[in-house]
Amino acid sequence: MELSYRLFICLLLWGSTELCYPQPLRLLQGGTSHPETALQPVVVECQEATLVVTVSKDLFGTRKLIRAVDLTLGPEGCEPLVSTDTEDVVRFEVGLHECGNSMQVTDDALVYSTFLLHDPRPVGNLSIVRTNRAEIPIECRYPRRGNVSSQAILPTWLPFRTTVFSEEKLTFSLRLMEENWSTEKRTPTFHLGDVAHLQAEIHTGSHVPLRLFVDHCVATPTPDQNASPYHTIVDFHGCLVDGLTDASSAFQAPRPRPDTLQFTVDVFHFANDSRNMIYITCHLKVTLAEQDPDELNKACSFSKASNSWFPVEGPADICQCCSKGDCGTPSHARRQPHVVSLGSGSPARDRRHVTEEADVTVGPLIFLDRTGDHEMEQWALPADTSLLLLGTGLAVVALLTLTAVILVLTRRCRTASLPVSASE
């Protein structure tokens, strides 16, 4: 599936600026424009001989800032003016005949056409991006002016299933939750820029109190956790490394219970991959609740404010190894769960062998980025909604059938009464 979409903005100007958005713009003296509401994501000034384009770094309105290096103007890919990371906007200033802009002469206008391209690329050695590719056509007309509105397409995610591998008493689970963490998410649909709320749990039965840890998490386009491409979310025995880059992913502190661990992940899709499914596989493990967390059993998040790691519980120094990428013995990353004995030394026929570690997969998470994917959305309707639609359809068919029978019987009765009237 093509993971890109086109956001169309027509800019029809006469020596002034006017964005084609539902919000009206007031034209001021000097050929400038002023929105009546919030700052527009793209503002264009068609001047006498130059074209000035100002792009908000919050281009999609999701508070996920784009990078200036991912923006170009025109077929020749003109780069923006130099700006600092602290600025909220990216600016282009080019001549009307530069950057491969096209010119067309009509009966009543001189039309210059070009486009703004946002083409996100993975940061560093990562293989994921968190925003979509967008091509925004720009058009300047002289001397006419007008306004054409366009609404952005909102990419979405679609449903998921959960697969659990466990034995006997210990049951591991990984669920997608609502934002308030109170209930499981009923409609697993996301937009780029949203945050997925994941909750890992261990159901202990009659066992002694246990503490749950997420040792490793990896995202792949198939259920196979060893598939490629892949993106590591948690690594090094509990370091949430996804929060190191442009994401706000983090563990939630404090825990609701020792046997439950919650964390958030900024949603994403794989760059240059036609598959629109993402599976998240986490390796879960437990320790005794009374055991203090250490480098091998921890839950650490990265704080961009302090530029440091911090744990959900336990001393702060247990997270220092996250920066080094070495937290002791090799991680359980991308392998099957290990089975150990939690027996008490009783005779062999009474001993229990259960898993204190397990791989749990949540998926598929289906990412939609085109309005044409509504068929996928319909596939994700809840069971009760499908039954309601089926019942409504059957009721309509029954009503139409009953109406047809009544009409046929009425016509026959009228036909049978005609000879009697003639004899009289």
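Counting begins at 1 with the first residue displayed.
Placed from the backbone N, Cα and C atoms, the Cβ positions cover glycine too.
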**Report entry** Member of CYS20, CYS46, CYS217, CYS239 annotated by Swiss-Prot as disulfide partner of CYS140
**Finding:** CYS46
Report task. Scan CYS99, CYS217, CYS239, CYS413 and flag the one Swiss-Prot records as disulfide-linked to CYS300. Result -> CYS239
Query raised in the report: Between ASN226, ASN272, which does Swiss-Prot record as N-linked glycosylation site?
Result: ASN272
Query raised in the report: According to DSSP, does CYS239 (disulfide bond) fall in a helix, a strand, or coil?
Result: strand
Report summary line: Taking all protein chains shown into account, the Cβ-based neighbour count within 10 Å for CYS217 (disulfide bond) is 28
Query raised in the report: Out of CYS78, CYS282, CYS300, which has the highest number of nearby Cβ atoms, where nearby means within 10 Å of its Cβ, if these are the disulfide-bonded residues?
Result: CYS300
Query raised in the report: Across the domain 'ZP' (45-307), what is the average pLDDT of the model, as a whole number?
Result: 85
